[in-house]
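Q: Let me begin by handing over the structure; questions about it come next.
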Amino acid sequence: MPRDTIVILTGAGISAESGLGTFRDVDGLWTRYDLNAVATPEGFARNPALVHAFYNARRANCATAAPNAAHDALARLERDWPGEVLIVTQNVDDLHERAGSRNVLHMHGELSRALCAACGHRWPAPLEMHAADPCPACGAAATRPDIVWFGEIPYHMAEIDRTLDRAGLFVAIGTSGNVYPAAGFVREAALFGARTLELNLDPSDTATDFDETRRGPATELVPAWVSALLAP
Ligand code: APR
């Protein structure tokens with residue numbers, strides 16, 4: 001069976017050069033906000049207004065950000081590569097889609113969607129969202145961001161596992177390898193025979209699990225990697 005499926009895991013680092021903050025770098029989001037207050041179901045239950053304010057601010061940042069050369073290169077790869085290219089992103093921004101990528105799974109949810117905590121209905125998020133916003137389906141005032149918080153189950157795991165198991169190449173871009181299950185994908189892909197490559201500014205916590213690691217900004221590493229892969 002041809003192993004021409006490529007799975008690409010992206011993290012906050014691929015959007016850093018678009019002006020969106022990472023989490024664990026110097027001045028990262030988790031150095032400025034208490035993740036227990038803004039990225040857990042308990043934090044939302046305690047103070048939904050604070051959580052909505054945190055995500056409303058990130059949604060506004062996203063609206064003014066633009067995809068960068070790394071996002072563009074991955075869209076070109078999806079278009080020109082003969083096999084499947086699946087982007088599994090931990091990011092909640094829509095920069096991959098705005099660069100033209102279509103085969104994208106957001107395992108931590110998306111800022112662009114609202115979720116009703118009462119009935120599970122999802123709808124396009126307004127720029128400013130509030131807990132009291134009534135659910136269009138059931139009317140409950142239980143609106144939350146459609147973001148997977150710590151302690152919640154990531155989205156699309158069955159499809160991600162199926163694709164990892166048949167990938168010929170697994171590439172991680174802009175992620176610190178801090179959060180599971182995403183940080184374990186490299187070992188899963190390697191177990192099923194994939195070659196593995198890390199493209200990252202600094203060594204991730206899982207750097208030694210990769211066959212190859214390249215250091216530098218995503219806007220330099222990713223276009224160069226894609227051009228070499230697509231070269232005739
Ligand atoms: N180019 C390439 N890599 C970069 C760049 C850049 N310009 N800037 C930063 N990086 C790298 C950093 O070296 C770091 O390894 O991106 C990584 C960012 O790591 P984190 O801030 O931990 O972000 P991420 O790995 O996406 O976090 C995973 O944690 O808090 C949760 O849900 C949140 O999805 C997030 C998850």
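Cβ atoms here come from the backbone N, Cα and C positions, even for glycine.
Because the structure is a prediction, the values reported are computed rather than measured.
The feature active site, proton acceptor is assigned by TrEMBL to HIS108. According to TrEMBL, the feature NAD(+) binding site maps to 11-30, 90-93, 174-176, 200-202, ALA218. According to TrEMBL, the feature substrate binding site maps to TYR55, ARG58. Look at TrEMBL and you will find CYS116, CYS119, CYS135, CYS138 tagged as Zn(2+) binding site. Positions annotated as domain 'Deacetylase sirtuin-type' by TrEMBL: 1-232.
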Q: Could you tell me which three-state DSSP class CYS116 (Zn(2+) binding site) falls into?
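A: Looking at the DSSP assignment, CYS116 (Zn(2+) binding site) belongs to a strand.
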Q: Determine, to the nearest whole angstrom, how far the Cα atom of the residue listed as 'active site, proton acceptor' is from the Cα atom of GLY19 (NAD(+) binding site).
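A: GLY19 (NAD(+) binding site) has its Cα 20 Å from the Cα of the residue listed as 'active site, proton acceptor'.
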Q: Where the distance is taken from Cα to Cα, which of the binding-site residues GLY11, CYS116, LEU201 turns out closest to ARG58 (substrate binding site)?
A: GLY11
Q: If you count Cβ atoms within 10 Å of the Cβ of GLY174 (NAD(+) binding site), leaving out that atom itself, what do you get?
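A: Its Cβ has 27 other Cβ atoms within 10 Å.
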Q: Select the closest residue to CYS135 (Zn(2+) binding site) from the following binding-site residues, measuring between CA atoms: SER15, GLY19, PHE23, GLN90, GLY174.
A: GLN90
Q: Considering every residue in the domain 'Deacetylase sirtuin-type' (1-232), what is the mean pLDDT value?
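A: 96, rounded to a whole number.
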Q: Sorry to bug you, but what's the C-alpha spacing from CYS119 (Zn(2+) binding site) to PHE23 (NAD(+) binding site), rounded to the closest Å?
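A: Given the Cα positions, PHE23 (NAD(+) binding site) is 31 Å from CYS119 (Zn(2+) binding site).
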Q: With respect to ligand 1, which members of the binding-site residues GLY11, TYR55, CYS119 satisfy a Cβ distance under 6 angstroms to one of its atoms?
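A: Cβ < 6 Å from ligand 1, in sequence order: GLY11.
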Q: I need the neighbours of the Zn(2+) site defined by CYS116, CYS119, CYS135, CYS138. Which other residues of that chain put their C-beta within 8 angstroms of the C-beta centroid, in sequence order?
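A: Along the chain, the qualifying residues are ALA117, ALA118, GLY120, HIS121, PRO136, ALA137, GLY139, ALA140, ALA142.
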